[in-house]
Amino acid sequence: MDHSQESNVFLQEIEHLRQEIQRHNKLYYVDDQPQISDAEYDRLMRRLQELESLHPDLITPDSPTQRVGAAPLEKFGTVTHSIPMLSLANAMDEEELREFDHRIKRTLGTEAEIEYVFEPKIDGLAVEVVYENGMLVMGSTRGDGITGENVTQNLKTISSIPLRLLTSDPETRQSIVLPRKIEVRGEVYMDKTDFLTLNQERELTGEPLFANPRNSAAGSLRQLDPSVTAKRPLKAFFYAIGAVEGVNFDTHWNMLAYFRTLGLRTNPLNKICQGIEQVLEQYQHLNETKDSLPYEIDGTVVKVNSRHLQEELGTISRSPRWAIAFKFPAKQETTKILDILVQVGRTGALTPVAVLEPINIRGVQVSRATLHNQDEIDRKDIRIGDTVVVQRAGDVIPEVVNIVESGRTGAEKIFVMPTRCPVCQGEVIRPDGEAVHRCTNPNCPAKQIGHLEHFVSKRAMNIEGVSTKQIESFVNNGLIRDAADFYFLKKEQLLPLERMADKSADNVMQAIAQSKHPTLSRFVYALGIRHVGEHTASMLANYFGSLDRLKIASEEELTAIYEIGPEVAKSVSQYFSDPGTAKLLQKFFDGGVEIVNPEGVAARQHLTGKSFVLTGTLPSYTRDEAKDLIEKAGGRVVSSVSKKTDYVVAGRDPGSKLAKAQQLGVNILNEEEFQQLLQA
Ligand SMILES: NC(=O)c1ccc[n+]([C@@H]2O[C@H](COP(=O)([O-])OP(=O)(O)OC[C@H]3O[C@@H](n4cnc5c(N)ncnc54)[C@H](O)[C@@H]3O)[C@@H](O)[C@H]2O)c1
Ligand SMILES: [Zn+2]
């Protein structure tokens, strides 16, 4: 291949990448409906950058690498930014971040540590708000960086964007020097819970769902009718400046402080760091605690603090040289659905599961993702063979977020729920008003196995090390028909089973023996009564104190208990009035199961009615242990802090819950105080 042929091949790939990126830019920035994951997009962009750096002669001014965002929509009216709103270069890993630091030192000709400001990278959309003599006169989106959309009226509906700047400090009453004109820049975003609620509402009205909080913030702000925006719970943080007249700042940090004086919200997690190592520490810390923030962040932004040095470093085509986005590993990836299977759970519910071409998300190999139910599949129009965006967030099971329409070939197959249970061939129905399909066969082995799995699980009877495979083998070999059969198993019966060595048989027998003395709440939870989760089980145990009393409780008596709804009451009373239940319970006792009252402090129930929120790591207890202690003493653990919360137990590296508690004046306990309370 001669030189011109070779560059022809490059040119073709470059052209193709540019077209693809431009198409996705429009979907993302203009339509607020991205089709591919950010990670996939970033790969396209990086490949284009790589090719262009090999062939700088092929770079054109309209290449997406040279530009920001996408052109604004005319229908909003456009605003030309007096100083362009740039994007940020990004570092994918530690090495690239260190390289950023080296580059800065090299450019500045210094070996001294650089002072940085470290900020969370809010996943929203960038806006600029102009104040003249303290009054909000104009607001716009970033657009293509040069011109943005005029969304002044929409921005005015956001309560964290003041209509007028403060003219005196509310506490000291000292007056504030107002700039004649100031263009402040920041991020408009939506809290995670508000995003979920909004999507739920849209689902009811049949509107297309937003893929993530960023798109829902962008879609909500970019409305032609500001009264629609007004109904959306948008917020803003400010972090940058455009043109300004009449004030000066020596550092970025002081500028942020000045923003607050003016009444402009800045992020409370912003930090000053001496040198890049401190930045890395902050990054690790934020990466570990980010899930507890009310809003989504997709990484961090690192900025040189000195405004003088910022100027010296300057900008390149689409980003400043003095700042970089250091992103977190992506939680969404693009892959393909190879097949859709149906799993049958403990309650007989059929769950469709996508079998995926394996992908790595945040260091974990993902090959399955839940599709929830038929409605979800229909709404997202998911078919076998589709290219899809898959998300794995926190401990949540991976799920399919949306399909990539451009990946369609026409060969995709539509999925429909089977009418027969894939496990037992029993009839499948979809009860009125429910989204799930269920197997109606009461003796469905899937239900039984699911039920037994629940029974042995850690927070139920905690029969350690008994796996699903073993349960299946016990059931298939007729050793176990119900949960009480565990207590009649003999080692000799286990030995002939496949993959059951002498040692493993011993382990199983020992684990079963050790589970014979559960607390009442564990036992009730382990029974797997419909609608009785762990928390309800512990409430029932606390209230009745013994199985004998709980057994005979009437539906009315149950309903009268605080927090027990009619559905739960009905389910509990039905369960215990079933003659089969009486037999099963007797069988447990015959097998040697004995319910014990929790010893010591716990039996006193002195924390009944008190609610606790746990945050951070405690030196001496795991989350589960702390929860157990609280519940044994009658208290309950809830997940979020409100005015009604009685105590927040805060360990090392607490999340935003601590700040919230401080704000609301909730009692905060450290480990020692927590222990004192338990023993009080
Ligand atoms: N999935 C898709 O199809 C698709 C398409 C286009 C863009 N994208 C995503 O958008 C990214 C590119 O977008 P971009 O040009 O806006 O760059 P960016 O999001 O990587 O970084 C720049 C932006 O970060 C935001 N930001 C948040 N907190 C900030 C802070 N504290 N200080 C400064 N800025 C802060 C601002 O909006 C700023 O414009 C891509 O990397 C990709 O993740 C995805
Ligand atoms: Zn079945």
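Each Cβ is built from the backbone N, Cα and C atoms, and glycine gets one as well.
Mapped onto three states, the DSSP output places Lys303 (NAD(+) binding site) in strand. Around the Cβ of Lys303 (NAD(+) binding site), 21 further Cβ atoms fall within 10 Å across all displayed protein chains. Among the features that TrEMBL reports, NAD(+) binding site is placed at Asp38, Ala39, Glu40, Tyr41, Asp42, Ser87, Leu88, Glu119, Arg142, Glu187, Lys303, Lys327.
The annotation active site, N6-AMP-lysine intermediate is assigned in TrEMBL to Lys121. Under the three-state DSSP scheme, Lys121 (active site, N6-AMP-lysine intermediate) falls in the strand class. The Cβ of Lys121 (active site, N6-AMP-lysine intermediate) has 22 neighbouring Cβ atoms from other residues within 10 Å, across all protein chains displayed.
The Cβ of Cys421 (Zn(2+) binding site) lies under 8 Å from the Cβ of Val344, Gly348, Leu350, Glu427, Val428, Cys439, Asn441, Cys444, Ala446, each on the same chain and at least six residues away in sequence. As annotated by TrEMBL, Zn(2+) binding site applies to Cys421, Cys424, Cys444.
Across the domain 'BRCT' (602-680), DSSP helix (H, G, I), strand (E, B) and coil residues number 31 helix, 16 strand, 32 coil. Look at TrEMBL and you will find 602-680 tagged as domain 'BRCT'.
Taking only the Cα positions, the spacing between Glu40 (NAD(+) binding site) and Cys424 (Zn(2+) binding site) is 41 angstrom. Fewest Cβ neighbours within 10 Å among the binding-site residues Asp38, Glu40, Asp42: this applies to Asp42.
The DSSP secondary structure for Cys444 (Zn(2+) binding site) is coil. Separation of the C-alpha atoms of Cys424 (Zn(2+) binding site) and Asp38 (NAD(+) binding site): 42 Å, rounded to the nearest whole number. Cα-Cα distance from Asp42 (NAD(+) binding site) to Lys121 (active site, N6-AMP-lysine intermediate): 16 Å (rounded to the nearest whole number). For ligand 1, the neighbouring recorded positions among Asp38, Asp42, Leu88, Lys121, Cys444 are Asp38, Asp42, Leu88, Lys121, by Cβ distance under 6 Å.
Looking at Arg142 (NAD(+) binding site) and Lys121 (active site, N6-AMP-lysine intermediate), their Cα atoms lie 16 Å from each other. Around Leu88 (NAD(+) binding site), the same-chain residues at least 6 positions away in sequence with a Cβ under 8 Å from its Cβ are Val301, Ser319, Pro320, Ala323, Ile324, Ala325.
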